[in-house]
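This report concerns only the one structure given below.
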Amino acid sequence: MSKIVEMKGLSKSYMNKIALKDVNLNIEKGKILGLLGPNGSGKTTMIKILMGILTQSSGEVYIDGKKPGTGTKAIVSYLPDRNFLYKWMKVKDAINFFNDFYEDFDMMRAKELLKFMELEENIKVSKLSKGMIEKLHLTLVLSRRAKLYILDEPIAGVDPVAREKILDAIINNYNEDSSMIITTHLVKDLERVFNEVAFLKYGEIVLTGDVEELRVERAMSVDEIYREVFK
Amino acid sequence: MLNFMKYEIKGSIRYIGIIFITMILLSTFVLTTADINNVPRTIILSVISLMGGNIAILIHFVNSFSKEVYEDRGYLTLTLPISGDKIVLSKLLVTLLWYGIYSIIQFIFIYFILNKYSQILEQPVFTTMLSYGKEIIKSPEMILLVILSIFQLILFIMTVYFSIAISKAALGIKKVGKLIAFILFLLLNTGISYLNVLIERVLPFGVQFDIGRFSERSIMMNDIAMNATNEPFSINIPSIALNIILFILFLFTTGYILERKIDL
Amino acid sequence: MDFDNNIPIYVQIIDYIKGNLVKEEINAGEKLMSVREMSEKLKVNPNTVQRAYQELEREEITFTKRGKGTFVTEDNNMLIRLKRELSKEIINSFISNMKELGFNKEEIVSIISEELKGRDHDE
């Protein structure tokens, strides 16, 4: 199965609004996809469906050939854009937690990443700054040898120095057997990391493609394409 | 699932520890200052401290489940590779653990207070209650009583969990959701009580719990019991079966809701 | 390294490596950084680096030794040609710019000679 993610005719609607409309999108092994769009465009809805914490209204979703559920949660590593760690935890509690629940967690890598991110094990999570929390979240997520990584706004609200570290960690984590979905509206900082991009507007995919090809076709950066698509 | 329970315990131990210690200190104070002159005060303080502990644990476990569906920590819990029913079961078992430990602490204190008063007062009522209690504890039917109480507690907790989960799934809004959950909880418990009464009437296959056989003193207790209910104390088997079924129903329904129906 | 996001990154990587070759910061026969190392250094997706490497190999500027990595060709002619190629772009663009300013061929040549002589004196 070379397609890690398959979405066919995926739709999700609520009583008063349509969050996703007929989304068809596939992601192959070893690719990093940038999922781009403003707030409310449906990115988070799509991610929640991929994560199996939300059910679609119609259409099909497959993660490595399986429907989202308890099984796929074990092979998908998710970075939400929230402070999802339990408030009583210290850094080392969070690391041990992930180690206990995920078989694909690599403790050695986690320790290396903690060092790289300059995070102390004994600090309470509630005492960390925004940048440090993001770095911790990313450490936890990237220390798993997952098949799919989903990073929801990994660098939003983070200072430039922390941003650099996060970017380095993402590139360093790359391997040909897994794929990554990154959502962001800070396109400029991340566009060099993407292989492909998909633009989501009002729940519909309005443009997808290989990043380099798009640059050639339009003689524009992805950032500029973004501005055009969403102006 | 054991892992999840481990972290449930780790997360709650601080708050629960404080409750237990406070309650122990308070009760010790009451115990040591109890004497002939302040029986009413002692009784009131004992009741407050014991009930206070129970209420504190109640608040804790309600909040603990509420947070999973209303707060950001749900993004961690509900994305773990563990099925919804196991999450519910783990939380239930840890709550039972805390209630269990607390019950033991409560019984110890009640014993000591009754003991103290039966020694310093000449009134037979305390001595009666104490020895009556001792006999019940040693009897084989005690186990049934304990099991029954645990069943009650389990269903109580499960109705709370279910109400919270389903109101979040249906409504999503915190304030209204919690209110609806509470109303639903009341309705469910009323419904369950009614069902139990119904079953007892329709299928009265019970096990008699003959209190009277213990001793003379306990005949007095039996009279009190008989006056209250017009029947000897009995346990209805089909009603136990009903409660077990309800438990399983709530467990898997709540688990399913957590897995598929919660929109964080 | 600063990339221009308007043009394909892999093209810019190729130019960057070619530039290093010509400046002799990488020598003939030397091993290039692995795809991973290069991607971490340049902060780009490894696929992009891979693509650049593939293109370089296609142009026979580099070759891959299985299991050992990507190496610069030892063919000196190749490198001389590369130098010529890169300089050609610079020269073409220079001549066009000068012509736009209004200089003719003779003037361009004499200006260059003067400029170079002047630099000799300074050194």
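Heads up, the Cβ atoms here are built off N, Cα and C, so glycines get one too.
As recorded in TrEMBL:
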| type | residues | note |
| --- | --- | --- |
| TRANSMEM | B:12-31 | transmembrane segment |
| TRANSMEM | B:43-63 | transmembrane segment |
| TRANSMEM | B:92-114 | transmembrane segment |
| TRANSMEM | B:142-167 | transmembrane segment |
| TRANSMEM | B:179-199 | transmembrane segment |
| TRANSMEM | B:240-258 | transmembrane segment |
**Report entry** Range from B:12-31, B:43-63, B:92-114, B:142-167, B:240-258 with most C-beta pairs under 8 A to the transmembrane segment (B:179-199)
**Finding:** B:142-167
Report summary line: Sequence-distant contacts of the transmembrane segment (B:240-258), meaning Cβ under 8 Å and at least 6 residues beyond its ends, amount to 68-69, 78, 83-89, 92, 148, 151, 154-155, 158-159, 161-162, 165-166, 169, 192, 195-196, 199
Query raised in the report: Where, among B:12-31, B:43-63, B:92-114, do we find the most CB pairs under 8 A to the transmembrane segment (B:142-167)?
Result: B:92-114
